[in-house]
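To keep things clear, I will list the structure first and then write my remarks on it.
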Amino acid sequence: MARNKNKQKNQKHGASQSMPMAASVTEEETTHNDNNKKTVEEERESFTCAMRLVNASVLPLALKTVVDLGVLDVLSMADPDVGLTAAEISERVPTRNPEAPGMLERILRLLMNEGVVYCSSQLFDEAPMKYRLGRVGKCFVRDENGVSLAPLMALAHDKVYLETWSHLKDAILEGGTPFNRAHGTHLFEYSARDARFSQVYNTAMSNHTTLVFKKMLESYRGFENLKQVVDVGGGIGVALSLITFKYPFINAINFDLPHVIQHAPPFPGVKHVEGDMFKSVPKGDAIILKWILRDWDDEHCLKLLKNCYMSVPVDGKIIVVEQILPTFAEITAVSKDKSQLDMVSLTQTPGGKERMQGDLFNLAFSAGFKGVSLVSYVYHYWVMEFLK
């Protein structure tokens with residue numbers, strides 16, 4: 001009996017001796033484990049970002065689909081406190097497809113991630129999910145002036161623009177501009193012979209110009225003492241229509257190519273004049289260049305600016321509305337947008353590009369202007385004055 005007790009005692013003692021001791025983790029091992037964990041997280045994040053790039057075309061094409069269907073317009077007219085289900089939305093768009101609600105549901109889930117729409121719950125299995133128009137989505141719904149960013153998106157995804165992208169690689173390898181390689185001529189000559197595309201382009205530009213100038217006129221005071229203003233490359237004249245509405249004492253000249261001017265509607269105080277800005281421009285106290293310099297190489301920009309210099313008085317100015325690229329590397333939503341627009345200039349325009357501040361200043365001084373002033377910041381466009 002005693003022997004059994006001793007055996008049990010020894011077994012307990014042996015068991016206690018055989019139990020593994022807590023291993024002490026060195027600082028080096030901790031650092032190694034942390035580094036491994038960080039590496040795994042970085043690899044996962046990199047792979048996720050890479051997959052987003054692989055499928056980057058999905059988002060704009062899905063957005064264009066709901067815009068074309070009028071889904072965002074439907075949501076804009078719904079009660080913002082209640083929203084609509086995908087089934088209710090499908091009842092308000094011209095579809096006979098019984099699968100439409102499910103298809104719309106999947107698209108709306110994607111757009112929810114970008115703030116285009118908001119949803120009523122974070123749980124997708126809570127049926128039915130209701131959707132409301134998001135802040136980003138409002139940009140694609142016509143405002144009180146009847147304009148939005150939807151026509152600009154239609155231009156960006158028009159077959160004429162999309163075909164150009166397939167020529168970018170060959171343009172880099174062999175020279176030339178992608179648009180010319182795709183269509184045999186540059187953007188503005190092509191627009192003159194393709195009436196459908198010209199309408200798409202002019203609608204996009206007039207909508208964008210209305211949005212920018214309406215906002216610009218809230219803060220920019222540079223028109224207050226002017227008598228005559230010329231908008232070079234002014235499209236169908238919407239910028240000048242906004243200016244003369246606020247400043248009815250201004251006489252305005254809208255100057256553009258013949259195939260553009262022929263579609264320009266009448267506006268009070270605005271005279272439409274056709275011509276070639278690289279030959280001469282009408283005279284005025286001030287000349288507007290909105291999104292014009294970005295369309296051309298330095299040589300053409302310099303020729304245009306010299307023509308503008310000759311057409312304003314000694315105290316005249318050129319009002320330039322352009323983006324300015326950052327001079328240092330940054331990763332922000334604005335810098336991404338600017339870089340994307342620079343790619344549009346690279347592929348679609350005859351040598352155009354977005355420029356840094358120094359590049360724009362050099363063009364101004366090379367054309368003879370004595371000063372440059374950054375006057376106002378609208379969305380992410382600078383309103384600059386080139387002073388004679």
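For all residues, glycine too, the Cβ spot is worked out from N, Cα and C.
TrEMBL has this to say about the protein:
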COMPBIAS  1-12  compositional bias 'Basic residues'
REGION    1-43  region 'Disordered'
COMPBIAS  29-41  compositional bias 'Basic and acidic residues'
DOMAIN    51-142  domain 'O-methyltransferase dimerisation'
DOMAIN    165-370  domain 'O-methyltransferase C-terminal'
TRANSMEM  360-382  transmembrane segment
Mean of pLDDT values spanning the domain 'O-methyltransferase dimerisation' (51-142): 91
Tally of DSSP helical, extended and coil residues in the domain 'O-methyltransferase dimerisation' (51-142): 44 helix, 9 strand, 39 coil
